[in-house]
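First comes the structure, then the notes that go with it.
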Amino acid sequence: MAELTALESLIEMGFPRGRAEKALALTGNQGIEAAMDWLMEHEDDPDVDEPLDTPLGHILGREPTFSEQGGPEGPGSAAGEGKPILSEEERQEQTKRMLELVAQKQREREEREEREALERERQRRRQGQELSAARQRLQEDEMRRAAEERRREKAEELAARQRVREKIERDKAERAKKYGSSVGSRPSPPAPEPGPVPSSPSQEPPTKREYDQCRIQVRLPDGTSLTQTFRAREQLAAVRLYVELHRGEEPGGGQDPVQLLSGFPRRAFSEADMERPLQELGLVPSAVLIVAKKCPS
């Protein structure tokens, strides 16, 4: 049984003649399988149907004949001379083998594409997992920095309050030292004469309850309020300092000194009042103060 040439076999399987010739030429005329592989890999190329400049004889692996070059008798004048003719059954059998080979190549190509798609999907999932892990690490770092910032602010606030208490204690010690000597040099007042002893228990004055702490609510000019508990023996200056530390930034950037007022009865506390204890000012056990902007002198 005579065999078809590679070019004829490719044309018989349905490939265009131009593509078949181009595949054979670019694969070095190494056989039909190599040509079929090239055709399947490049079937979607935009220039797959562009012809080559190589002569037909070079495509088929031989030098072009005189008739193929356009001799006097014209191309194809001797076509079919000396070439065995295939019967219909032989042609169908050879076509069947070629089609099976094409189907096998197509299956191999589909399997290869499926493996490549699976690999791309694995890479996509791996990249997604890495991105998710990086995002989670970033969130954890941000939460850790926020917690550290809150701890730092709390420590600074505690340190500020401690400095206020220490300053108040130093002021007390300085005042005691300053006025202690003058008080000691003054003549002591005469002891009061003993008065009459009350004849009835009903005449004894009621005992006054002593409070250790004082709850102060401070209303700010913007309508908000601050509430804090102080010791009854703390000075009013501690309340003013607490307000200055927590009232927030005012429009314009600068912070004006504040003046504390009592709601009822209306009273403006002076600088001398700032050194007096809350208990002595009648702000125990609780009181409501108002913050007004202090006019510069």
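A Cβ is built for glycine as well, from the same backbone N, Cα and C atoms used for every other residue.
The annotation compositional bias 'Acidic residues' is assigned in TrEMBL to 43-52.
Under the heading compositional bias 'Basic and acidic residues', TrEMBL lists 86-122 (among others).
Residues or ranges marked as compositional bias 'Basic and acidic residues' by TrEMBL: 137-177 (among others). Long-range contacts of the compositional bias 'Basic and acidic residues' (137-177) within the same chain: residues 234-235, 237-238, 241-242, 245, 275, each at least 6 residues beyond the stretch ends and with a Cβ under 8 Å from a Cβ of the stretch.
Annotated compositional bias 'Pro residues' per TrEMBL: 187-199, in sequence order.
What TrEMBL lists as domain 'UBA' is 1-42.
Marked as domain 'UBX' by TrEMBL: 209-291.
Here TrEMBL flags 43-212 as region 'Disordered'.
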Subject >> the compositional bias 'Basic and acidic residues' (86-122): DSSP-derived helix, strand, coil residue counts >> reply: 35 helix, 0 strand, 2 coil
Original post:
Within the domain 'UBA' (1-42), how many residues are helix, strand or coil going by DSSP?
Top reply: 27 helix, 0 strand, 15 coil
